[in-house]
Amino acid sequence: MAQKPEEQLKELGSKLDLAPVSKDSLLKLLKEAAVCLSELEQSPPPAVLKSIQPFLDAVIKPEILNHQDKDVKLLVASCVSEITRITAPEAPYSDNIMKDIFQLIVSAFAGLNDVSGPSFGRRVLILETVAKYRSCVVMLDLECDDLVKEVFTTFLDVARDDHPEIVFSSMQNIMIVLLEESEDVQEHLLLILLSKLGRNRSDVRDAARRLAMKVIEHCAPKVESDIKQFLISSMSGDSRFSSSQIDYHEVIYDLYRCAPQALSGVAPYLTGELLADKLETRLKVVGLVGELFSLPGRVISEEFDSIFLEFLKRLTDRVVEVRMAILDHIKDCLLSDPLRAEASQIISALCDRLLDYDENIRKQVVAVICDVSVSALTSIPVDTMKLVAERLRDKAILVKTYTMERLTELFRVYCLRCADGKVDTGDFNWIPGKILRCLYDKDFRSDTIEYILCSSLFPSDFSVRDKVKHWIQIFSGFDKVETKAFEKILEQRQRIQQEMQRYLSIKQTQQTADAPEIQKKILFGFRVMSRAFSDPPKTEQNFLILDQLKDANIWKILTNLLDPNTSITQASRIRDDMLKILSEKHSLYDFLSTLSIKCSYLLFSKEYVKEILAEVSVRKSSKNTLGIQPCMDFLGLLACFCPSLFDGAEEELISFLKDDDEMMKEGTLKILAKAGGTIRENLIVLASSVDLLLERICVEGNRKQAKYAVHALASITKDDGLKSLSVLYKRLVDMLEDKRYQPAVLQCLGCIAQIAMPVYETRESEVVEFIRSKILKLKSETVDDKKLSWDDKSEICQLKIYGIKTLVKSYLPFKDAQLRAGVDDLLGILKNILSFGEVSEDLESSSVDKAHLRLAAAKAVLRLSRHWDDKIPIEIFHLTLKTPEIPFPTAKKIFLGKVHQYVKDRVLEMKYACSFLFDITGSNVLESEEDKHNLADIIQHSYQTKVRKISAQTDANSVTLYPHHILPYLVHALAHHSCPDVEKCKDVKEYEMIYRQLYLIISMLLHKEEDGKTEDIDKEREYVPTIILIFHSIKQSEDVTDATKSKNSHAICELGLSIINHLTQKEPDLQGEITPVSLPPTLYKPSEKVEGDKSQVGEEKLWLADETVLLHFRALKLESHADASVIPQTSENEVMIDGESDGNEIPLGKIVERLRAQGTKTRKGKKNKSVPAEDENGKNDVDVLKMVREINLDHLQMLDKFESSNGHKHSPSERAEICQRDQKGNKRNVGDATSVVSVPKRRRSSSGHSPYKFSNSGPKVQLKASEDELHLESDMDKNVSLDSHDENSDQEKMLESISPRKRKKSLSSKLKITESDWALTDVERSRSAGGGDSKLKSASGSMKKRKNVSGLAKCSTKENKLVNDELIGCRIEVWWPMDKRFYEGTVKSYDSTKQRHVILYEDGDVEVLNLKKEQWELIDTGGKTAKKSRTSKGNSKKKRSSGSKPKNPDGVQRDEDPVTTTPKGKRTPKKNLKQLHPKDTPKSLSLEHEKVESRNKKRRSSALPKTEYSGEAGEEKSESEGKSLKEGEDDEEVVNKEEDLQEAKTESSGDAEGKEAEHDDSDTEGKQENNEMEREAEENAETSDNETLGAWKSKVGKSISRTAI
């Protein structure tokens, strides 16, 4: 019988007590003991404990417990661990012994890293025992902190991925128990755990990292506060953890996965790091946060929502590297869960970055969105994908080509999903249309587009049937532009196929024909085909090389590719074979690759036609009538350009022709009309009665069917339909009396006249007589006109319109139109209809019928003018122009739409565009925005085609070379039909409408861009003289049709010349004698000079040219293409309010004109009235000259400030003294503050917009004014005269000397000051200005301005020539006056036509500047020759922001007066203040100051004392956040601006956009008069049209309180 374990242990204890000498005997005893101990249960009876007590005592003997052999130590550890298990919960030994035991047990754990070792199993048992029975808690009771630390360190060091799960869980449980049972988490334990966290660490195993995360996850409530404290301390730079070498970013990542609640207080610190100035910090935290949000299955907590939002805002970071990193993480974020809750926010942020200024960012955004869309087609909204597609128009070829590739890939994926039956895959059939639009892009052209359509658009294994289904949907979604591009591609392919077939045919017969003649034909064919390639000259050379090839296989393959019977599969295979024959190294490889696509039927083949016809039948049988129309339309288009594809489809076409479905029948007729000549033989074989079927449709079908049936009948017969049409024609004429078929019969008669004129002429007289007497002279029933609408025309009216169309078609045959006679009779009919609305004045009909007939007659004139323009009398031309006067808006829209269409298609002379000017509604001309756009489009189109016209003209002085050639026709029409007799009628109001019409057309001719700006000064110099010459030529001519109207024409020309002077704000500079241009001889002839009259013909002064009359016209509210100008007869306050209503500013010129208009109106009533010195209500007239002078003085004061800031004028003591005087002055006038005028804010550009809105009205702020400012203001205020005559005289002088100049391409207000003025010191100016107190109040908008003042000093010609394209790539410094400092940037490009440089600043801002008018310095030429700017060499850069307090070098303000600042929002285009550096400023100071301020580049938000946002008080943002937001948003608007510059060549000026303005409301009291200073300011200051509304309001506010007249 075996001994019991306790008995064995008793014996073993006795043996151990004797201390065995050998190691082996000791190991044997310990092994036996371990086995016995494992067999005992926990908490055995006392007898058992007593029995094993000898062993318990023996095993802890020092010589055993402290044995040095590792095997002995392991067995001892195994035994004592079992002993602790058995005696639990009581400790088997004393505290000191237990410490030694746990030290032994912990040392045993160190061997767990050897999984394959013989002792691994025993160590695992020890680990399990300790974990299961929680004996490790005793270590805490014994305060074995070092031992506990060793446990943590050991476990994390020995953890392996190949450990059994029991080992991992046991270690995890032990560590959790030690943490949970401890009163406080020891810092070193936490650091041990955190030190193992982090991604991609080579020094830490994944198992250890996973173990640490599991422990933290289970102990999160216990360790949360300590972790939070550690992280906050580490992120705030606490030196206590600086030596821990723990990367808290990596810790945060793992904590977010295992214990996100521990990060609750970390969010603000992460947000702060996202806004840090240091790039490395931002990049690191971006990487962390990006990976956190990319974790799959994670929902962003509320705590991290603020971090997420700021993370998205980093997409606007000024550093490209940061933005690129965020895009990568956003991509991972969306791919992990495309439908996550934050997807819409992410996508919205991505859309904004599609307009980033960096092309690599834009490309990456496209990549991100397309990658996400490919993974889940419905994850990205269609509207977002269409925004991505707009990058096909990107200015960078890198972006547009990449976008093309990704959209093509996306469409392929979409096709595959559709083929798999996944119906919920979104709609991407619009993508091919966007690709087709790129046909007009010079970087793509047809070569790229055709390759994509043929080879890349659909999956390679896609069946023809699937392709057909998609093509039908694609085609049905095309808009006009896409349809036109698609037709263009098909047309080019047809031309190349025809020319290649002709070339191959000639090549086969070359041996038998005349070689030179053949060569000539071949070269001509090559030239024709080359035009369809992207590089025609190179292509033509490649054709010549191809012609020399002797390889018969190449020619055989090309012949097969041109065969329409070759299937798509065969064509693709033989094309590949041809390219293999050549190999990629061959010079013709790329050329033949493109040619084989263009001349083959890879795009559409006969297989397509058969599948489409089958699809029609399927939809017909399924009663899907809506799906039939796009199929028939698609077939009709293929029939136009690929008629050979319908060979073999005759049977289906005949069945469709016989079908009752009208859409199928009409579509088939169109196909037969286009492709009938190709398939006529097969048609006759299949159905000999097809011509009879077509004849029946001609009579019984509707008008459209009848039209196609006639053309089909002519197409399918061999003699061009002469025989068939003769029979049909006879039958139709005989049926004219049958009212049932009259519409179709008239249609057929017109078509026959166009196709077969000999047939039509056989009975033409009968047809014409019938239409004239039996149709056009029909009387309509009397109807109440008041109840009729445009659609209520009578059947008789409709029949008359059909008759007119038939007569018109008879004079527009397809061949030999000029051989027709008798068009005068038709024109006579049209004249009567245009005049009376009927063919005879005696005929009565409703106003609706007359309107319809007038419209039909006008459209007929437009069509006839293509061939008969020289036969159309001037009177009919005038009547046609007046068609928009029809009192039905629909009639105007239809007619003007036709004019626009015909002129754009080059089938109508531009002179008919005059009709737009006769669209008069009330007192407005061309009120419809659509019609305005169309007229502008016509003018733009005419400018674009002018070069081609010039090359075709022989008369260089011909006015028809220019778009302006419509002016003679317009003047003639106005003189005859709108203008009263100028010698009899002296009522100015009768000429107001003529002035409006002229103003509109001239402004559009001069300002031909959509925003009303002339492209550049050079072009204005070309256009203005041309228009002036036209008017002068008319004045020197005589009316051909009615000499009595000549005076009217001359008077209208006077108005036109005054409008030009008004728009250009300068007298025309016509060098030499005026050379008349060639005017239309049908309108004007040179005037005969009377003998003895020495005056030049046509130069006599007419009363309409009188200045007072012109002032009346200029006071009108005029609508032009550029702007809405002067508001008539309104008070000053109304003028200002109206100017603010649209958020724009009113330029100086316009306000002066308004004041002039008021003056002419009110002067009469005020002559005899005495006026008080001041009018507090501000209802009197304003001294305009006074205001102009004050504005000029404001500029002078700004220059004084600028000089002072340069250190030129005042010492610190002097500046302090002036500052004190200013403060005193301000304090005295505090109680006199008046209301502050709100200024409309200005967007950066017309296309961009800011998501951040600021209040329009800023708070009231007191500004300090320098003494010289106050004195200068005093001078001007003192100069007001109380005499009404004197004041009127002053106003008149001002109006003559100050002309508000319309800016053409400048954002700056310009002020010219002589060098002597610049040299004046502040003290001298103060002395000359005199004394007095002044009050200066100012309110700023929400953002500061950058003012531009040019001409501060004369520059040499040599200096002017230094700015050119050689600066590209150089680094320069550009002066920002309102910031009082330079900013560094790189010159990226130069537009020589506009003399504009594109500057990329270091912070990412982009600005387009004319450096010749800027203050700048060259820093680094990049190896190029250094050039200087217009500035002086000794310029100082030591400057401070205007309005801010002076600071010491340490940044402490000198003045303790507390002020608040207006926060800067998004940087807008500022007015450029161009300032010369004073020569005597030490440059070292400026460089030192530059270094100090380089850290604060973005702190340029206020050039005025600080104020708070109204409505947003207390809102604070960190500096970095403000920087990134502003710059990121600027990036978007810069790209919009650059794309507009490239595609539309437009640039905003201050007249078209609203700008932020600074208010200067100053009121002066008791100032002394100083005429000398006033004259100096008046002579050297030039007011600008870019003066803002705010500044003008302030001046008005100062002046209206004083007496005027």
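Heads up, the Cβ atoms here are built off N, Cα and C, so glycines get one too.
Per Swiss-Prot, the phosphoserine annotation among the candidates SER847, SER1141, SER1274, SER1334 falls on SER1274. Feature annotation from Swiss-Prot across SER1289, SER1429, SER1562 places phosphoserine at SER1562. Residue with Swiss-Prot feature phosphoserine, selected from SER1494, SER1520, SER1524: SER1524. Among the candidates THR569, THR945, THR1507, THR1588, the residue that Swiss-Prot annotates as phosphothreonine is THR1588. Counting only same-chain residues 6+ beyond the ends of the repeat 'HEAT 5' (261-298), those with a CB under 8 A from a CB of the stretch are 199, 216, 220, 223-224, 227-228, 231-232, 235-236, 249-250, 252-253, 255, 304, 306-308, 310-311, 314, 317, 319, 321-322, 325-326, 328-330, 332-333, 336-337, 342, 1495, 1518-1521, 1524. Residues in the repeat 'HEAT 5' (261-298) partition by DSSP class (helix H, G, I; strand E, B; coil) as 26 helix, 0 strand, 12 coil. With a cut-off of 8 Å between Cβ atoms, the residues of this chain six or more beyond the repeat 'HEAT 2' (96-136) that come close are 34, 38, 42, 60, 65-66, 71, 73-78, 80-82, 84-85, 88, 142, 144, 147, 150-151, 154-155, 157-158, 160, 162-164, 166-167, 169-171, 173-174, 177-178.
The average pLDDT computed over the repeat 'HEAT 2' (96-136) stands at 88. Across the repeat 'HEAT 2' (96-136), DSSP classifies residues as 32 helix, 0 strand, 9 coil.
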